[in-house]
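Can you read through this structure? Questions will come right after.
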Amino acid sequence: MNVNQSAPPVPPFGQPQPVYLGHHQSSYGGQPGPTTAPTSYGAYNGPVPGYQQTPPPGVSRAPPSSGAPPASTAQGPCGQTAYGQFGQGDVQNGPSSTVQMQRLPGYQPFGSAILAPVVSQPAVLQPYGPPPTSAQVTAQLAGMQISGTVAPASPPSGLGYGPPTSLASASGSFPNSGLYGSYPQGQAPPLGQAQGHPGTQPPQRSVPLQASSFTPPASGGPRMPSMTGPPLPGQSFGGPPVSQPNHVSSPAPQALPPGTQMTGPPGPPLPPMHSSQQPGYQLQQNGSFGPTRGPQSNYGSPYPGAATFGSQPGPPQPLPPKRLDPDAIPSPIQVIEDDRNNRGSEPFVTGVRGQVPPLVTTNFLVKDQGNASPRYIRCTSYNIPCTSDMAKQAQVPLAAVIKPLARLPPEEASPYVVDHGESGPLRCNRCKAYMCPFMQFVEGGRRFQCCFCSCINDVPPQYFQHLDHTGKRVDAYDRPELSLGSYEFLATVDYCKNNKFPSPPAFIFMIDVSYNAIRSGLVRLLCEELKSLLDFLPREGGAEESAIRVGFVTYNKVLHFYNVKSSLAQPQMMVVSDVGDMFVPLLDGFLVNVNESQAVITSLLDQIPEMFADTRETETVFAPVIQAGMEALKAAECAGKLFLFHTSLPIAEAPGKLKNRDDRKLINTDKEKTLFQPQTGAYQTLAKECVAQGCCVDLFLFPNQYVDVATLSVVPQLTGGSVYKYACFQVENDQERFLSDLRRDVQKVVGFDAVMRVRTSTGIRAVDFFGAFYMNNTTDVELAGLDGDKTVTVEFKHDDRLNEENGALMQCALLYTSCAGQRRLRIHNLALNCCTQLADLYRNCETDTLINYMAKFAYRGVLSSPVKTVRDTLITQCAQILACYRKNCASPSSAGQLILPECMKLLPVYLNCVLKSDVLQPGAEVTTDDRAYVRQLVTSMDVAETNVFFYPRLLPLTKSPIENTTEPPAVRASEERLSNGDIYLLENGLNLFLWVGASVQQGVVQSLFGVSSFSQITSGLSVLPVLDNLLSKKVQGLIDSLRAQRSRYMKLIVVKQEDKLETLFKHFLVEDKSLSGGASYVDFLCHMHKEIRQLLS
Ligand SMILES: [Zn+2]
């Protein structure tokens, strides 16, 4: 029996092997050649009504044209948000009268209890002797006092919740920041601002501008962001309001050495760089912007709508506040730095059960010694409670974030491919688990006991091997499936649909050629790009050309199919106008090999932009387009992917027709959930058919206004596809971003027609799943397509008692068709520890993964529950987790102390970022489509992506010596950390800002922007000039490196300090209060402390 014909004998723990998909096909005995599509497919025989064969397009340029000319239609204002990108023209709304913010209905006042126990002593970090392996963070919060300062009527940076008297104001419950036009309110940017968006202005516009409330902050003078009053009385450490550019990132409150007591005045500021691993903790003042320890914004209370509202009539009482020093609370930056320093140098070896891997922000190598790499699976905890009672008590979700086809760094070996020949992979007879390192061989090797269900199975004769004196098979290290955490099996025909080996998959490009798509330049750009991009379709290892076939469709209200058969001199177009009953008018010549049909394809791509250049058709269909692509794949009997390039709400008469039902008035009502739900069930039905065919849909959206992302993304979401959104697409501004995303998306390796099953050992089982997939039953995750960026998050629950000795096992098996049409099984195994002491659970948690799970849980929750309920649920769960720790694991201490488990000390700050994210607490500038888009994106994100998405990275560029080209250490995402003498990059995986302080040295400005002064820098700039100096090259290099780390291209936006665009930038300073009412980190921590105390009392 040859285990692995294709790969060299497996050395222990795998040296790098030919990369994934490098497996030579020669080893695959039973693979049939590419099957050709049957020539007789029922529906396509005989005369087909509804289409006429047109002459080659070059001969007769007669694009179908109907509908009114596009003047004044379909051109709403562009809702530019952080997800669409920005041109400076979008931010020119002038100041206007104050908009008073109304208290949001149902807004639960937070923080009032914080006002109660006033202890007149400064915030104190009490010494606490932590247990040796579980340091705790303690902070005295009882005395914290956030007094209510009255919000000024016209705040410069913050549309504050005013005092109670302002409640009965404005009709809309949301203010408009003026930064963005919001479609539903019918607002348009002022006419005079077209310069930033040439060509995007609608031909006619009659909607008056209203309610832009942005008041630019006064410029000049010392910068005191967000501070609206004098230093608060009782403030114990407020520096003078002078600008002093040195900022200090403090060491995090690590385990405090006994006897460290933080009282009294602050110590001297630390030097600007991290003073690494300072064990003791120094309280310090680091703000350069004056007395910034007070309430940060002009909200009257720590949470909007809190203490000063309602119950407290009259002016708020300026109680002496005892603010918590932001440096005294756990810092994400410090935790990330510490992990990098402690765990970045050694490879992570997976041989030991239940080891917590390094953080996702740490660069480390993985050696597979029997458990799946954390690149494939990350868990919320690596030590899970033995009983469900314990689990319920702790409330820590038990979940795994699985990325079955994760891409690996070049230094790490891709999974070996094991070929067991016709007998197929060896499995347990009862639970069908696949052979893995945890199976126990007994009776001299003649049988094995399943590690998942304990069933005793016979070892087939050809698989027999003797055991050594420890009971281990002597060939264990020669077989990946006996020694490694991750590997692949070649699947037999039994694992194939209809017991037939699959054909190679196909890609179908479906291009909207309606007026908007043509006018923006999209169609021309796309066709030009495809001419070269098609040469780079994914291929298997050594293959000379991709096995993937391609096809082309254009559409507006009708569909145009193209025959690009290699024997044709010119492509042929076939129009299907009967969109109500979609069919594919041709089989032969629709899906072709790129090389064979190169000339015809090139000719087609040249002609498409010309053919539709004069179109006046503005209406589009959508569902019929997907239907057509799916039918084409079905006819060709293959799986594949549709690449849809679409511009507008599909209002043409056809199945899946949509209406504009956007309504921001629903925000914060019980009906808000409808904004996230699809408006028709038609797309779910369609998606189901797509999944059955292995038809994955990737959607590229180019909307100028509301397109109902919530509905349009249903099919991509359920078929494992991706959605990209380019609001107000203009070639000159957005082509780099779009082309970059497109190239990556087309070239990336995809598994098709996939099914994933997660098996677990007795005692726990997978009960819930999150991600982009479809489920027809409770166990099988069906993915029409799955790429290397997508994750599936799985939640586990107890169904029996676990024991510490056996631990808990999981096995994720993914059956899929490779890009060359090979059917394979990828197996990932992971063993976890089990505990009878809660402390062990809390010692082995991973907060980044917890947040990934909790965000996905919440983002799904908004489909069925009011957003407020979802937020409250998260807060309650977090409080319960921390209260349980406090009650059961922490050493006795005074109730006034907030004690956080070391592994979870960032839970509050990260959770707060989730709570105030656009989905759960939208600002006025965030459109309904943006929210649906982000909701959909987060569903498939891995842990690294959610980590940076919710807590963006803020990198100072001019702090470190210019010669130092390594990535600078990040600073905390707070305005207090910005020095006006510096330049910063901020990224969150989707957006990239370059913030320029107003006092940056002239030389720096010259080096980076090629202009002589700050005032000459163009705000909103998206490309930095390429200049021949060290700083310019360093910054360009850093931007390139950040982009390379992310799965989507991040367009750069240059933001100048005190410029209007800065409001947008500040949205990402997540430790601060947000304009939409999101709490600051400090305030949220106080609130969390209050919640915990309530649970404990
Ligand atoms: Zn079994």
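Glycine is no exception: its Cβ is also placed from the backbone N, Cα and C atoms.
According to TrEMBL, the feature compositional bias 'Polar residues' maps to 24-39, 90-101, 166-176, 202-216, 274-300. The compositional bias 'Low complexity' annotation in TrEMBL covers 59-77, 184-199. If you look up TrEMBL, you'll see 502-746 marked as domain 'Sec23/Sec24 trunk'. Annotation comment: TrEMBL describes 751-834 as domain 'Sec23/Sec24 beta-sandwich'. According to TrEMBL, the domain 'Sec23/Sec24 helical' annotation covers 847-946. According to TrEMBL, the feature domain 'Gelsolin-like' maps to 964-1035.
Mind running through what each feature is packed against?
Secondary structure of the domain 'Sec23/Sec24 beta-sandwich' (751-834) per DSSP, as helix, strand and coil residue counts: 0 helix, 55 strand, 29 coil.
Taken through DSSP, the domain 'Sec23/Sec24 helical' (847-946) splits into 65 helix, 5 strand, 30 coil.
Confidence over the domain 'Gelsolin-like' (964-1035), given as mean pLDDT on the 0 to 100 scale, stands at 94.
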Tally of helix, strand and coil residues over the domain 'Gelsolin-like' (964-1035) according to DSSP?
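The counts are 20 helix, 12 strand, 40 coil.
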